[in-house]
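Student: According to Swiss-Prot, the region 'Disordered' annotation covers 1-29. What Swiss-Prot lists as compositional bias 'Acidic residues' is 17-27. According to Swiss-Prot, the feature S-adenosyl-L-methionine binding site maps to Glu86, Glu111, Asp138, Asp161. For Asp161, the entry in Swiss-Prot reads active site. Per Swiss-Prot, the feature substrate binding site maps to Lys165, Asp197, Thr232, Lys233, Phe234, Glu235.
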Amino acid sequence: MMHDDPNEAGLPPDDAALPDEAADGADEVNPLHHRRIRSFVTRAGRVSTGQRRALDEFGPRFVVPYAAEIPDWDAVFGRSAPRILEIGFGMGASTAEIAAHRPGDDFLGVEVHEPGVGALLKLIGEQDLPNIRIIQHDAVEVLEHMLAPESLDGVHIFFPDPWHKARHHKRRLIQPPLVAHLASRLKPGAYLHCATDWQNYAEQMLEVLGAEPSLENTAADYAPRPDYRPITKFERRGLRLGHGVWDLVFRKRAG
């Protein structure tokens, strides 16, 4: 999930007890789930009246139920177009803005938290954005079961939870098994765009993405922010305070 101000987003303190800590060793069998890497953190969140209304009104059209099978995505979107996956869209403001400025592309947002799903549905209704669909489920399982190899034209992962304490780095989303799986779902020439405001995580991203043999960096190291990625309010505030933001854009090698 995209993180915002840690207090506003309800992030647990980094030294908080985590419910599946004891089960970390149980996932050695499936490398994609190594040490219970998930695309989300379990959090409580209140759904507002407006979000609930949007869930009821727009959910049936724009939310795709999770299923362990690959749907006909052209039928789901009502057309054949370049398809971009976003993992963890938070409250959806950036997703909506990108979709509005790229009407020729289709965007599949994966987010587990209901307030965020409701918030994006509200924006879809207000801005008439027909090129977005949402899956409210763990992105790791969506990748495994709902997306075919070489079916994506791009992947966005903006400001994933940083897990900044060293002992929790194993919980970060960007790790070799997931990156390899993401790369397998990209078409040759398609891109993977990550962004973070934690330098240590940026360094880890650069190392992990650079080690994936099917990907190549589009820059010497970090990329300039692509014009399509909006600057969030939280990011703008951080930049004013002198905090950094790092974008990484890799492409799937041809052949």
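A Cβ is built for glycine as well, from the same backbone N, Cα and C atoms used for every other residue.
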Student: What's the most sparsely packed of the binding-site residues Glu86, Asp138, Asp161, Glu235, counting other C-beta atoms within 10 A?
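Tutor: Comparing Cβ neighbour counts within 10 Å for the binding-site residues Glu86, Asp138, Asp161, Glu235 gives Asp138.
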Student: How long is the line from the C-alpha of Phe234 (substrate binding site) to the C-alpha of Glu86 (S-adenosyl-L-methionine binding site), rounded to the nearest angstrom?
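Tutor: The Cα atom of Phe234 (substrate binding site) is 19 Å away from the Cα atom of Glu86 (S-adenosyl-L-methionine binding site).
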Student: Just give me the nearest neighbour of Glu111 (S-adenosyl-L-methionine binding site) among the binding-site residues Lys165, Asp197, Thr232, Lys233, Glu235, Cα to Cα.
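Tutor: It is Thr232, whose Cα lies nearest.
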Student: What is the biggest Cα to Cα gap, in Å, among Lys165, Asp197, Thr232, Lys233, Phe234, Glu235, the residues listed as binding substrate?
Tutor: 25
Student: With S-adenosyl-L-methionine as the bound species and Glu86, Glu111, Asp138, Asp161 as its recorded binding residues, calculate the greatest Cα-Cα distance and give it in Å as a whole number.
Tutor: 14
Student: Given the binding-site residues Glu111, Asp197, which one is most crowded in terms of C-beta atoms within 10 angstroms?
Tutor: Glu111
Student: According to DSSP, does Lys165 (substrate binding site) sit in a helix, a strand, or coil?
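Tutor: DSSP call for Lys165 (substrate binding site): coil, neither helix nor strand.
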Student: Let me check the 10 A CB neighbour count of Phe234 (substrate binding site). How many other CB atoms are there?
Tutor: 19
Student: What is the total of other Cβ atoms whose distance to the Cβ of Lys165 (substrate binding site) is within 10 Å?
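Tutor: Other Cβ atoms found within 10 Å: 11.
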Student: DSSP secondary structure for Lys233 (substrate binding site), reduced to helix/strand/coil, please.
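Tutor: The residue in question, Lys233 (substrate binding site), is helix (DSSP, three-state).
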Student: State the Cα to Cα distance, in Å, between Lys233 (substrate binding site) and Asp161 (S-adenosyl-L-methionine binding site), rounded to an integer.
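Tutor: The Cα atom of Lys233 (substrate binding site) is 17 Å away from the Cα atom of Asp161 (S-adenosyl-L-methionine binding site).
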Student: Measuring CA to CA, name the entry from the binding-site residues Asp197, Thr232, Glu235 that ends up nearest Asp161 (S-adenosyl-L-methionine binding site).
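Tutor: That would be Asp197, nearest by Cα distance.
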Student: By a simple count, how many Cβ atoms lie within 10 Å of the Cβ of Lys233 (substrate binding site), its own Cβ left out?
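Tutor: Result for Lys233 (substrate binding site): 11 other Cβ atoms within 10 Å.
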